[in-house]
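Okay, so here's the structure we're looking at.
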Amino acid sequence: MTFKASVLTLYPEMFPGALGLSLAGRALEAGTWSLEAIQIRDFATDRHRTVDDTPAGGGAGMVMRADVLAKAIDHASPEGDARPRLLMSPRGKPLRQARVRELAAGPGAVILCGRFEGVDQRLIEARGLEEVSIGDFILSGGEPAALVLLDAVVRLLPGVMGNAVSGEEESFENGLLEHPHYTRPQEFEGREIPEVLISGNHKKIAAWRRAASEALTQERRPDLPGAQPLLE
Ligand code: SAH
């Protein structure tokens, strides 16, 4: 049950990149997931291997061609492939942990990385691409966004994280931001670890962490489901 990632890109050298190291890298070596980076340019049909052209209606920049991208997608994801087809895009639905979990529970993903001004709209419609954004900012290309998405997914695959419990207590899993962490030394530049955390009283520790989590969420992310209104 290998999670299979196929990434369509003009820069296959960017993969596996950071995902070849640490947890994700070990899981890749162990066969928990697989990654193929496909060069979009290999599907161009003209002598110059053109993948983009000027925007219809005029304006700055270039647009990736629907015909070339369709060939690349059909090669990577022939009919019957059950994997979702994603397009990394600032116009997409913001990526959330819930979607990351769904993806990790599935067979894999086909991920198209945009460049230039983006891709021809007809390609998005014709191949049923799900547009996914990693945040309200503009990257120069979809590759770092694909790496971010895959990093989030791969760490959830069975056996990748040593301590499975730590995955479930993290920020966003329960609609809250995580509580602060401390470790030795007991005193750092005059700052002590909160008493309760060294009390050994697990009930009190859990209550303290919960309260810290809620306070932090109210302050920083009142939009999260776990943020309780301070005053009704
Ligand atoms: N002209 C576009 C931006 C193009 S940026 C616009 O204004 O919406 C070039 C490529 O980088 C995009 O096609 C997309 O694949 C990728 N990209 C940029 N920002 C991104 C983001 N926040 N999330 C996911 N992908 C992004």
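All positions are counted from 1 along the displayed chain.
Each residue, glycine too, has its Cβ placed from N, Cα and C.
Site annotation (TrEMBL, ligand S-adenosyl-L-methionine) includes Ile134, Gly135, Asp136, Phe137, Ile138, Leu139; from Gly114, Gly159, the additional listed residue is Gly114. When the neighbouring Cβ atoms lying within 10 Å are counted for each of the binding-site residues (Ile134, Ile138), the highest count belongs to Ile134. Around the Cβ of Leu139 (S-adenosyl-L-methionine binding site), the same chain contributes Pro90, Ala145, each under 8 angstroms and 6 or more positions distant in sequence. With Gly114, Ile134, Gly135, Asp136, Phe137, Ile138, Leu139 listed as the residues that bind S-adenosyl-L-methionine, the site has a largest C-alpha separation of 16 Å. Of the listed binding-site residues, namely Gly114, Gly135, the sparsest Cβ surroundings within 10 Å are found at Gly135.
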